[in-house]
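Peer 1: Below are the features I grabbed from Swiss-Prot:
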BINDING   His112, His116, Asp304  Fe cation binding site
BINDING   Leu136, Val137, Ser138, Gly139, Gly140, Asp169, Gly182, Asn276  substrate binding site
Amino acid sequence: MLVLGIESSCDETGLAIYDYTSKTLVADVLYSQIDLHKKYGGVVPELASREHIAKLNILTKELLSNANINFNDLSCIAYTAMPGLIGALMVGATFAKTLGLIHNIDTVAVHHLEGHLLSPLLDQSSDIKYPFVALLVSGGHTQLFEVREFGEYSLLGESIDDAAGEAFDKTAKLLGMSYPGGVEVANLAEKATDKKKYDLPRPMKNKPNLDFSFSGLKTAVLNTWYSETDQSYENKANLCYAFQEAAIDVLVTKCEKALQKTGNKRLVISGGVSANKLLRSKLDILSKNKGYEIFFPPMKYCTDNGAMIALAGAYRYANSFRDSNLEINVKARAQI
C-alpha cells in the first residue's frame, strides 16, 4: 500500500511516498523556504502560501520520477490539515484533494503533530513498541504525551507560554543572530570558554506537574545580555551555553518525571529540537543510567517533512480513516 504524503503547514514544502506493507520510505523531496523568509526575520504567511503553490506540482513530478511510480500505484494521498498557517494548509489540502479527484484516489487528513509523534518510525532499525511517552519539542510546540496505541494520545503536559524551539529562536534574535537562530545558538554554545559565567533560571523544573515555561528563561537572557558591559563574541557564546543548558535541563527533567509518573520505559522524542546534540546526549545518559529506551527520528526528519505525513497517513488509512467528501477543512490550531 503506497501513500503519498504532502506537508505544507508552514515554510517547508515536503512530499514523500511511504509503503505501509513493507514499512519503508520509498522516496521523499523537500523544499525549504528559509532563505525566502530570512530577510524578514520570520515566516511571512502570504509568501509561504504562494511558494507552496509554485512548488507543489514541480515537487510531485520529481517525487514520482524518483520513485519510478505513477498515480495509479497510489492507494491514498495524505495531507497536513492542522495545525499551521491557514493559507499554507489550504494550499496543500486543495492540491491533495484535486489530485485525488482527478486520479480517483482516496485522501486522508493528517494532524501535523501526529506526524511528528510517529516520525521515529521512519528509522527502520528502531523497534518502538506501545505504550510510550513522547516529547514533541519544536518551534511551535512543547508537549508531553502518553501514547498507548496508534491514535490513542493523552496530553501529560505542555508549555504554558513559549515553546522550547521558539525560545531558542528568540534568544538568537536577542543576540543579533539571523533567522532561524536555534541552530546558531546551539553551535555557538559549543564555543563557550567560561561555562560558569552565567547562571540562568530553569522555570518549572521542580514543579510536580509536567508543564513547561520558557518565557522567563528568554527574559533572563534579555536582561543578562542588556546588563552585560562586555558584549564580546566570547560572552555571547557563554550566554548561549547557559541558555541551552537551562532549556535542555528542563526538558530532560520533565521527560524523566513523565516516565516515572506513567511507569513507561520507552521515550520518543520528535520535532525540530529533537535534532539538538545536547538534548540527545543528556537523554542518552538518562537511558544508560535508568534503563530507558529512547528513540529519535533520523536527523533529516526532525523538522517538518513529507515523510512523516506519508507515514502517519498510511497508518490512518490502514485504520479506515479517509475523507468522505471534497470539503477543505483545515485548522490553524488543533489539539491532537
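FYI, residue positions are counted from 1 along the chain as it appears here.
Heads up, the Cβ atoms here are built off N, Cα and C, so glycines get one too.
Describe the structural context of each listed feature in the structure shown, including burial, neighbouring residues and relevant distances.
Peer 2: When secondary structure is read from DSSP and collapsed to three states, His116 (Fe cation binding site) falls in the helix class. In sequence order, Leu136, Ser138, Ser270, Gly271, Met308 constitute the residues six or more apart from His116 (Fe cation binding site) in its chain with CB-CB distances below 8 Å.
The C-beta environment of Asn276 (substrate binding site), restricted to residues of the same chain at least 6 apart in sequence and closer than 8 Å, consists of Ala186, Gln244, Ile248.
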Peer 1: Which of these binding-site residues has the least crowded Cβ, counting other Cβ atoms within 10 Å: Gly139, Gly140, Gly182?
Peer 2: Gly140
Peer 1: Determine the C-alpha span of the substrate site listed in the record, that is the greatest distance between any two of Leu136, Val137, Ser138, Gly139, Gly140, Asp169, Gly182, Asn276, in Å to the nearest whole number.
Peer 2: 17
Peer 1: Tell me the Cα distance separating Gly140 (substrate binding site) from Asp304 (Fe cation binding site), rounded to the nearest angstrom.
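Peer 2: Here the two Cα atoms lie 11 Å apart.
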Peer 1: I'd like the number of other C-beta atoms within 10 A of the C-beta of Ser138 (substrate binding site), please.
Peer 2: 23
